[in-house]
Amino acid sequence: MDAKSVTPSAVALILSNPTPESPDDVPEIVVQVLDLKPIGSRFTFMASDGEAKVKAILSTHFASEVHSGKLQNLGLVRILNYTCNDIPQKTDKMVIITKCEVVSQALDAEIKSEVKIEEPPVLMKPKEEAAGLSKPIGAAPATIMLKPRHDVKSASQIVSEQRGNAAPAARLAMTRRVHPLISLNPYQGNWVIKVRVTSKGNLRSYRNARGEGHVFNVELTDEDGTQIQATMFNEAAKKFYPVFELGKVYYISKGSLRIANKQFKTVQNDYEMTLNETAVVEEAEGESFIPPVQYNFVKIDMLGPYVGGRELVDIIGVVQSVSPTLSIRRKIDNESIPKRDIVVADDSNKTVTISLWNDLATTVGEELLDMVDSAPIIAVKSLKVSDFQGVSVSTVGKSTLVINPELPEAEKLRAWYESEGKGTTLASVGAGMGASNAGGLRSMYSDRVFLSHITSDPNLGQDKPVFFSLYANISNIKPDQTMWYRACTTCNKKVTEALGSGFWCEGCQKNYEQCSLRYIMVIKVSDPTGEAWLSLFNDQAERIVGCSADELDRIRKEEGDDMFQLKLKEATWIPHLFRVSVVQNEYMGEKRQRITVRSESPVDYSAEARYQLEEIAKLTSS
């Protein structure tokens, strides 16, 4: 076959064998990539053989091939393993490609002509005829040419030979095809996966409005390196907690999938798995594989949105400095643990401090200290982002660190550092960024809801405060409300007029000659689903109104009531991002819902557009 061509009737080959038993059952399939585009963390394209097309989606670990330019639109790829899924509510198929290799980068144009076959052929009956697929009227009978394979047993032969003496878990895998994690979606029925437990959480108790219970989760990784988080509740949590052991391989079936909750997900997967008591989990005795580490690197200058969130990040950077080992006394149990700080930089021209804890500080950290002069590159997986020094990151129990990894991103970073990075002035990503600045952006995109979600549920916040993010317009600020209180200039607590003159602060137990005004007010906000009153404190109110409470009081006294009300009206019908808490308060024997603004931010339309595109991608992929 020509090195710059496709396999004839490749699409028919795929559709006639939608679930190959193993990669050995996949014949030579080369297709052209058309309409390559991102969908969430993955990429989709139309796989074309010059005559027919089928929609295809790449596993997440192929993203680096696309970003590096190796896998291109109009290029050719050889499909080495795949599975076909039905597209919900359509008659079409989706080909999930779990293994492929690039044959050619972008060609000059889309292939539409017939393809000559030059290799010595083995004549086979066309699979598209066997599958009853329709062909264009008048088309010549097609033949599929494949190299003979005398040394490879079929999957059915292997299963037949092994099934008799196989262990129960192995029989589970052989009675049904093992599915790669990338191929799973919420609309599938039966599936079996073979995965390694790469992280095991604790069995935790919880309490909410629906009662008490237990929860437990694990992170699972398959042979392709794809990960998914599996969660178990109550009886299922108690049942499977002693079953799952860190590092062991299991066959799992009869679970369910749903769209991953962005606030709680710890791996890069659009879906999360739930296992109930009827799920089947069996150890794969004698089975062993080491899944490749899959990274989802975040540029250092983009760490701000992750501050204070639950989502862990991966970073690749050039080491700039390494501190000696420090001994930090932990408050919770007074135990001393080792810590080491390293500073890394990347081609965003920013640096960040990574805190290594425990064994990473004493082992890999010591190795980095010895080689810091050579500016090694490190890839660190699973880092927690905090607001210490504006923005900083630290390792957690499941973090891993690789020195000078063999990755395309490392090669690119080394080239940047040698050509310009080492001679560039690099600034810390946290410079000039306070905690509220750094963490605010991330929190505004967690748990985003409409106002109706809060106002329609009177039981929200009954036991403890619950938190949400809102995108809403300020529709009214009542001018006749009590908008501020007299505050101590030292501790900001309420003061009262002292006997004689000045003001008495109960908190400081002192008299002060002066006091300041601090906002405490309510505003009405609206979104497409309704409206609600929000309680507002000083810092957020100052940004919304545009001046301090002292200045607004001066305007009312010196410039008149009209200018005072105009100042308030200028702040209305402007969109804002709000992070709010919802609690139940009792007023005159009646429970009322209180919504309080915890942080506020003007709308960053670029970040908002990215968020909306992510939400659209989720809906599209599901």
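Glycine is treated like the rest: Cβ placed from N, Cα and C.
Quick caveat, the model's predicted, so the values are computed rather than measured.
Sequence annotations record features per position, and here TrEMBL assigns domain 'Replication factor-A protein 1 N-terminal' to 6-104. The DSSP breakdown of the domain 'Replication factor-A protein 1 N-terminal' (6-104) into helical (H, G, I), extended (E, B) and coil residues amounts to 18 helix, 46 strand, 35 coil.
Per TrEMBL, domain 'Replication protein A 70 kDa DNA-binding subunit B/D first OB fold' is recorded for 179-283. Note on the domain 'Replication protein A 70 kDa DNA-binding subunit B/D first OB fold' (179-283): DSSP counts are 10 helix, 49 strand, 46 coil.
Among the features that TrEMBL reports, domain 'Replication protein A OB' is placed at 311-404. Averaged across the domain 'Replication protein A OB' (311-404), the predicted model reaches a pLDDT of 87.
Annotation comment: TrEMBL describes 467-611 as domain 'Replication factor A C-terminal'.
Highlighted: of the candidate stretches 6-104, 311-404, 467-611, 6-104 has the greatest count of Cβ pairs under 8 Å to the domain 'Replication protein A 70 kDa DNA-binding subunit B/D first OB fold' (179-283).
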